[in-house]
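Presented below is the structure to which this report refers.
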Amino acid sequence: MSSRKFLQPPTTHHHKHHTSSDDEEEDETRSLLWSAASSIHHDHYYETSSTSDMDAASTMSYATFHTVKEPEQHLIERGLLFPENEDEGLAFSSTDHHHHKSTSCSSTQESDYKQIHMGMLIFCLCISIGSLGLDTGIVLFLLNIISTEFQSSHLGIWIHLSYLLGCLMAQSLCRNLTRLIGRKPLLVIAQCLFLVGSLSCSATQDMMQIMISRMVAGLGGGMLIPLSSMVILDRVIQRHYDPSFSIVYYERYHLFIRTAPVLGVILGPYIAGVIHTWIGWRYCFYINLTPCMMTLCLYMFWLPNYDSNHKKNLSTQPRQRNGGDYLGILLLVLAITSLVTGIALGGNVLAWYHPIIIALLSTGGLLACLFLVNEFLWTSNPILPGHLLLQQFPTILVQFTTWSSFIMMLYLLPTFFMGVRQQNAPLAGLWLIPNSASFMIATLISGWYHTMSWCSCITRGKNKSIIATQWILILLSLFHIGMTLSISVWWHQDTLPILFVLTQVIYGYVTGTLIVGSLSFYHFFTLDNGDHVSQPDQDTLISIPSIIRTLGELIGLASVSAILQANLKSILIEKISEPTTIEHIRTLISNIHTLSPSLQSIVQEALLLSIQRCFLYYGTICAILGFLATIFISTMKKNT
């Protein structure tokens, strides 16, 4: 880019060997060139070579094959100016503004790309991701209701844990599958798996069947999350922006992808409560049928498989970078499955000192250590690169702990309002809105703020906004600790409604800002490497936040469920002498309204104390770890 300059008037000194006739021809050619340029627009200019003594004939030849552009268009291509209508020209382009890159793509390939519209693509991806949030909101709200029907309330958490395990497996494999079959087939497969798994939940008859159905849905949903980010990054890179400025556009578009699932989480509980009250919980899983079918048709008949068209470019990567790290994927999935199983069953079904629980936790820890050794030493293309884990450990830890805290709130709120306060399903669904709505508002505000901050940092070279962002995260993490402790103390059966709303709003806003802020730091310090980052590396970098999120939700749900069930069981044993009654309450928790008033009071008190201990123990630990991590977030960009 630095070798180009504006076209200057033709130089007056010529080579000595030119004849007078040659000079006359050059003068005539030079006159034609300048008259043509002036007839187009006096502000138009040509890109030309930096060689000052290029003769007029070669200048005419060079200018003939270069587009006449206005200065504003060149600023747009360099990422220094936003176009007035961004959707114009947002089709995939097979050419690049750097002359050293290949420009031999066929016209057929270009015709495949020219029909793609950025706005429509973002809309479809938002529907796909939004359906995942809607599904999550519905399932977490109905966990106790569904598991009570299957007489397994104490194991109800496995309905969502199985979904998350499927997500983890799919997200680990996603980058490998995109290299093998491309984006489009994987989007179609992921959408089909999620739709089939979600619909099959409505026909399940026991816990094992619904766990299998949820795992199938998780395989599809897990791939949709990183795929949406990959497609957006592809679109941004394909545009003629300066590489260092593409992160601003990526954050700008990715803001919609981050917001869509939260909107589904907001609507899901209330919709599930109304449908369950009217016709039953099984019909809740048909809600995603229409949006999923619509996006599936658009993906199949409208989105080209551009990775297959660029397969030649992908194959030019070094051979050792094409490894799939399947050993690492296997170790990660087995380690997390073993750990989550041991945590979720410990203190609930089996005692913590039971040999099976000890074996599960020990095996999971050993496999986790082997996984880390594999990522640092054994594999050449890890799914979680060791150097990146070390460099970005603070932002990764903030992501992990905050997602654990957020999923903890989504899991405990239905139990509190329907179990402790004995409210009906639609009303309980309304009580869940303040937390999710404030989380969505925080996502929008923080996303916009970080987009403008990165833009200011890149264009003006100022790091003040980045440093200010870190201090904001530190202060909000302190608020996170305070709100977690406050909820563990203030929430009771007779707490004022305004206090419920206020604490949920603050908690949701704090967690949303922490997640978006840490994710923006991660994107800015990893993705903004220009042409030094190959597409396989970009796929890895995009997949890591999704994997960390799923890990945080898995560990968070398993830990909170273990604390809740263990405390509930111990309190009931202290206050109720009949084992059959205790087992009846634990397996049919949604039917406590059918118990005698004295037993209802005992169960409500036990549930309240168990929920408070979940916030006090696990929630506070996550908040403190997140606070410590924000202190060590780096605000200086490393030269790579």
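Numbering starts at 1 and runs along the chain as it is shown here.
Positions of Cβ are set from backbone N, Cα and C atoms, glycine also.
What TrEMBL says about this protein:
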- 121-638: domain 'Major facilitator superfamily (MFS) profile' (DOMAIN)
- 1-31: region 'Disordered' (REGION)
- 120-143: transmembrane segment (TRANSMEM)
- 155-174: transmembrane segment (TRANSMEM)
- 211-234: transmembrane segment (TRANSMEM)
- 255-279: transmembrane segment (TRANSMEM)
- 285-305: transmembrane segment (TRANSMEM)
- 326-346: transmembrane segment (TRANSMEM)
- 352-373: transmembrane segment (TRANSMEM)
- 393-417: transmembrane segment (TRANSMEM)
- 429-450: transmembrane segment (TRANSMEM)
- 471-492: transmembrane segment (TRANSMEM)
- 498-525: transmembrane segment (TRANSMEM)
- 615-636: transmembrane segment (TRANSMEM)
Have the transmembrane segment (498-525) and the transmembrane segment (429-450) got at least three CB pairs under 8 Å, pairs 6 or more apart in sequence?
yes
Which bits of the chain, at least 6 residues beyond where the transmembrane segment (211-234) starts or stops, bring a Cβ under 8 A of a Cβ in it?
92, 121-122, 125, 128-129, 132, 135, 139, 158-160, 162-171, 173-175, 177-178, 183, 186-187, 189-198, 200-201, 204, 250, 253-254, 257, 306, 527, 538-539, 542-543, 545-546, 549-550
The transmembrane segment (429-450) vs the transmembrane segment (615-636): 3 or more CB pairs under 8 Å:
no
Cβ under 8 Å, sequence separation of at least 6 from the ends of the transmembrane segment (326-346): give me the contacting residues as numbers and ranges.
157-158, 161, 165, 168-169, 172-173, 176, 352, 354, 356-357, 360-361, 363-365, 367-368, 370-371, 374-375, 378-379, 382-384, 551, 554-555, 558-559, 561-562, 566
Give the nonlocal contacts of the transmembrane segment (285-305) in its own chain as ranges (CB under 8 Å, at least six residues past its ends).
92, 112-113, 115-116, 120-121, 124, 127-128, 130-131, 134-135, 138, 181-185, 187-188, 191-192, 194-195, 198-199, 201-202, 271, 275
Looking only at residues six or more beyond either end of the transmembrane segment (615-636), which have a C-beta under 8 A from one in the stretch?
391, 393-395, 397-398, 401-402, 404-405, 408, 412, 463, 466-467, 470, 473-474, 477-478, 480-481, 484-485, 487-488, 514, 518, 521, 525, 556, 559-560, 563
Same-chain residues at least 6 beyond the ends of the transmembrane segment (155-174) whose Cβ lies under 8 Å from its Cβ atoms:
136, 139-140, 143-144, 146-148, 186, 190, 197, 207, 210-212, 214-223, 225-227, 328-329, 332-333, 336-337, 340, 344, 348-349, 383, 411, 539, 543, 546-547, 550-551, 553-554, 557-558, 561
How about the transmembrane segment (393-417) with the transmembrane segment (471-492) - do they touch, taking at least 3 C-beta pairs under 8 Å (6 or more apart in sequence) as contact?
yes
